[in-house]
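Going by TrEMBL, these are the annotated features:
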type    : residues                               : note
BINDING : Trp65, Tyr158, Lys288, Gly321, Arg405  : substrate binding site
BINDING : Gly125, Ser126, Asp259, Pro322, Thr323 : pyridoxal 5'-phosphate binding site
MOD_RES : Lys288                                 : N6-(pyridoxal phosphate)lysine
Amino acid sequence: MAVADGAGGAPAAARLVERDRAVVWHPYAAVGPDARSPLFPVASASGVRLTLADGRELVDGMSSWWAAIHGYRHPVLDAAAHAQIDTMSHVMFGGLTHEPAVRLAETLVAITPAPLRRVFLCDSGSVSVEVAIKMALQYWTGRGRPERTRLLTVRRGYHGDTSGAMAVCDPDTGMHHLFTGLLSHHLFAPAPACAFDEPCTDAHVAPFAALLAAHAHELAAVIIEPVLQGAGAMRGYAPGFLARVRALCDAHGVLLIADEIATGFGRTGELFGCDHAGISPDIMCVGKALTGGYLTMAATLCTEEVADGVCASEAGAFMHGPTFMANPLAAAVANASLGLLLGSPWRATVRRIETELAAGLAPAADLPGVAEVRTLGAVGVIETREPVDMSVIQPLLVDLGVWIRPFGRLVYTMPPFITSTADVATLTSAMVEAVARVTG
Ligand SMILES: Cc1ncc(COP(=O)(O)O)c(C=O)c1O
């Protein structure tokens, strides 16, 4: 197995890890002599397989954090990237426009709920949440209610790592206590308690409704992940809860921001989580799978009413404009990725994967160390009773031939949509076996 420095196999992989340990910082990781969390150099990726620098092949169960829905090195996405590089990799978006961005915005408007008519392209999911929050605040300034600056959300939410986004993440499992003084103080209702396939009753929504009613005068918006709380919970909830949230926002004149960054583009079995409830938010964030996992790009969509309010504010314009806004390379790959998705039987594919995940993970429910096994769309979760030890379970999963990245008490998968029945079985049997061994 050739690696970048021309040497091969395990020794080269070990050297790369050593060089990495000396200078690189990884997500949510310590550095220095105590940084012993396992690290695996990847040499290449193709289809649903990651090839490690030591030659081992792993079936990818993470889609690189919900993004690579078509797998790696997809010929259509590769071709779109090559063609766009030969034309124009980047150009600033202030005062200039280009076909890839316009086409992408047109497609997003066409496939998201009808009232969403205006698209702001930005760099990452977290930035799209910042943009959504700024839009909501500027909207209320434009409507003569500048005091409406707070947000209401539910616990167990995750919306990103920048400061505006962190301030609406779960206050206990998020990073609020680390950044006291920086983060705005928002309002948190209990996480939705009604499971995805349960009816949502008045009692389920009562605490949320009470907070909304008490604070509507100071609220700019409600922000929520539709039907599936991702990184903060990996748990689905009833579409009826979301429908009631929409109705309550309407009743109290509060904007609704749907964070579809994880749930968008088919992952939960509908194109967007909001589609399960048949609702439209006032503002919607999408990202992750937007470019099929090739490049970083996200988008914030809003209604004409929100856009009008923003532009009626003192600034007369929306005050945000990143350097790499609407990057043509990312937009071209996003167009190709959406073309692939919309031209495929994605709904049947996600249903197949859901059925296979449910069947394959079911044996884990009998393990004494397992609290719950659940699936929703192409997401499968084993929740353990105690947090798993990453230094034990991560190498074990690699030895079992899969790339699964657990956190806390969650051993979960959201495989690429191109994953075959046999590869889903490899993922689920490895997950069950690894959990059995580490909790046994
Ligand atoms: C629901 C949700 N919102 C926002 C984000 C932040 O996106 P990014 O990591 O691209 O900044 C994530 C990332 O996991 C997410 O799951």
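Glycine residues also receive a Cβ, built from the backbone N, Cα and C atoms like all the rest.
Taking Cβ-Cβ distances under 8 Å and a sequence separation of 6 or more, the neighbours of Thr323 (pyridoxal 5'-phosphate binding site) in its chain are Met92.
For the recorded site, Tyr158 (substrate binding site), the DSSP three-state label reads coil.
Looking at Arg405 (substrate binding site) and Gly125 (pyridoxal 5'-phosphate binding site), their Cα atoms lie 20 Å from each other. Between the candidate binding-site residues, Trp65, Tyr158, the densest Cβ environment within 10 Å is the one around Tyr158. For ligand 1, there are no nearby binding-site residues; that is, of Gly321, Pro322, Thr323, Arg405, none has a C-beta under 6 Å from one of its atoms.
Remark: Ser126 (pyridoxal 5'-phosphate binding site) has His159, Gly160, Asp161, Thr162, Ala165 as non-local neighbours, by Cβ distance under 8 Å and separation of at least 6 in sequence. The Cα atom of Lys288 (substrate binding site) lies nearest to that of Gly125, taking the binding-site residues Gly125, Asp259, Pro322 as the candidates. Reported as a whole number, the C-alpha separation between Pro322 (pyridoxal 5'-phosphate binding site) and Trp65 (substrate binding site) equals 23 Å. Across the structure, Tyr158 (substrate binding site) and Asp259 (pyridoxal 5'-phosphate binding site) place their CA atoms 9 angstrom apart. In three-state terms derived from DSSP, Pro322 (pyridoxal 5'-phosphate binding site) belongs to neither a helical nor a strand segment and is classed as coil. The full span of the recorded substrate binding residues, Trp65, Tyr158, Lys288, Gly321, Arg405, taken as their largest Cα to Cα distance, is 34 Å. Residues within less than 8 Å, Cβ to Cβ, of Asp259 (pyridoxal 5'-phosphate binding site) and separated from it by at least 6 positions along the same chain comprise Val129, Ala132, Gly157, His159, Ile223, Ile224, Glu225, Pro226, Cys285.
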